[in-house]
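According to TrEMBL, the feature transmembrane segment maps to 7-25, 31-53, 65-83, 89-108, 120-140, 152-170, 182-203, 215-234, 246-265, 271-291. Feature annotation from TrEMBL assigns domain 'EamA' to 11-139, 151-286.
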Amino acid sequence: MFERYKVLGSLILSMICWAFSFVWIKQAFISFNPLTIVVMRLVISAGLLAIILKLLGQLVSMRKADLKWFLLLAFFEPFLYFMGESFGLELVSSTVGAVIVSTIPLFAPITDRLFFKSRISWANILGIIVSFAGVLLLIFKGDFSLAAPLKGIMLVFLAVFAALGYSVVLKKVPGNYNAVSIITYQNAIGLLYFLPLFLIYDLPVLDAKPLTMESIYAVVMLAVVASSLAFIFFTHGMRIIGITKANVFVNMIPVFTAILAWIILGEVITFQMMIGILLVIGGVFVSQLKLRRRGF
C-alpha cells in the first residue's frame, strides 16, 4: 500500500512541477528572451543530471553508432519543442498553452499508426474529436474571433508535433540506455543547437530587459525542477505502472496550470475556458479507454 501511494505521489508531484513550468516561463520573460531562457535551462539541467548520474554510476556511455539517433532526438526535443513552447507562451496564456500541450497523448496513436502500423481504436478517435472541441472553445471567443494570436497557437502546436516526432525517434534508441542518460545527452546536444541562435539573436540584447530576482528564480526552477526533478519523479512512477497509465496523469497539468496561473499570474479563467479544459481532459481520458471493438 505504501509503495502505491509513493508511486502516485511521484506522478502527481511531477505533474505539479510541469504545471509550474508554464507559470515560471511567464515570470522568466520579465528579464529574458525565449532563447536565453532555454539556453540557461539546458546548461543547468544537463550539468545537474550529468553530475547526479556520475555520482550514482548510472551514466551509460554513448556508442558512436547511436549518435545519429541522439542528434535527431535532440532536434525534436528540446530544440523544436522548446522553440514552439517558449515563443508560443510569449503570445498565449499559460492555461491555453498547457491545454494544447496536454493533447500530445491524443495524437500519439496516429504517429504509431503511420510509422509502426499500430491500430487506432475507436476510443482514440472519439477522444480526439472531444478534445478538439475543447481546444476550439479555448482558442475562440463567443463571437468566433481568436482568443489568442494564431501565431502563438501554432507555435505551441509545433511543440506538440515535436513531442510526437521525439516519441517516434525514441523507439529507435537502443534499450541499453536508461531514461535519465537519454535526457542528459539530448539536453547537451540540444544546447549545441540553441547556442548559435542565442549568440546571434539574444546575446547582443541580453541587458535590454531589467534583471529581477523573480526571473532568475524562475529560470533556476525551470532547470532544476521542471527539466530535472520532474522527469526523475515521472520516470520512477512510469517504470512501476507503465507508460499508458502514467500518461493519464498528464491530464492533471492543465488543471494545475489554470489554478497556479490564476493565483500567481492573475490570469482570468472564463466559464467557456473551464468547459474547454474539461473537454480536452475528458477527451484524453476517453482515448485511453480499452473498448472491446478494435479500431483500424
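Glycine is no exception: its Cβ is also placed from the backbone N, Cα and C atoms.
Please treat TrEMBL annotations as automatic predictions, because they have not gone through curation.
Same-chain residues lying 6 or more positions outside the transmembrane segment (89-108) and placing a CB less than 8 Å from one of its CB atoms are 19, 22-23, 25-26, 29, 34, 124, 127-128, 131, 134-135, 138-139, 147-149, 151-153, 155-157, 159-161, 163-164, 167, 247, 250-251, 253-254, 257-258, 260-261, 265, 267, 269, 273, 276-277, 280-281, 283-284, 287-288. For the domain 'EamA' (11-139), the DSSP counts in helix, strand and coil order read 105 helix, 0 strand, 24 coil.
Residues 34, 38, 41-42, 155, 158-159, 162-163, 165-166, 169-170, 172-174, 177, 182, 185-187, 189-190, 193-194 of the same chain lie 6 or more positions beyond the ends of the transmembrane segment (65-83) yet place their CB under 8 Å from a CB of it.
For the domain 'EamA' (151-286), the DSSP-based tally of helix, strand and coil residues reads 115 helix, 0 strand, 21 coil.
Here the transmembrane segment (31-53) has long-range neighbours at 25, 59, 78, 82-83, 86-87, 90, 180-181, 183-184, 187-188, 190-191, 194-195, 197-198, 201-202, 205-206, 209-212, 215-216, 219-220, 222-224, 227-228, meaning same-chain residues at least 6 beyond its ends whose C-beta is under 8 angstroms from one of its own.
By the Cβ criterion (distance under 8 Å, sequence gap of 6 or more), the transmembrane segment (215-234) is counted as touching the transmembrane segment (7-25), at least 3 such pairs being found. Taking every listed stretch (7-25, 120-140, 182-203) in turn, the largest tally of C-beta pairs under 8 A with the transmembrane segment (246-265) is reached by 7-25. Per-residue pLDDT, averaged along the domain 'EamA' (11-139), amounts to 92 for this model.
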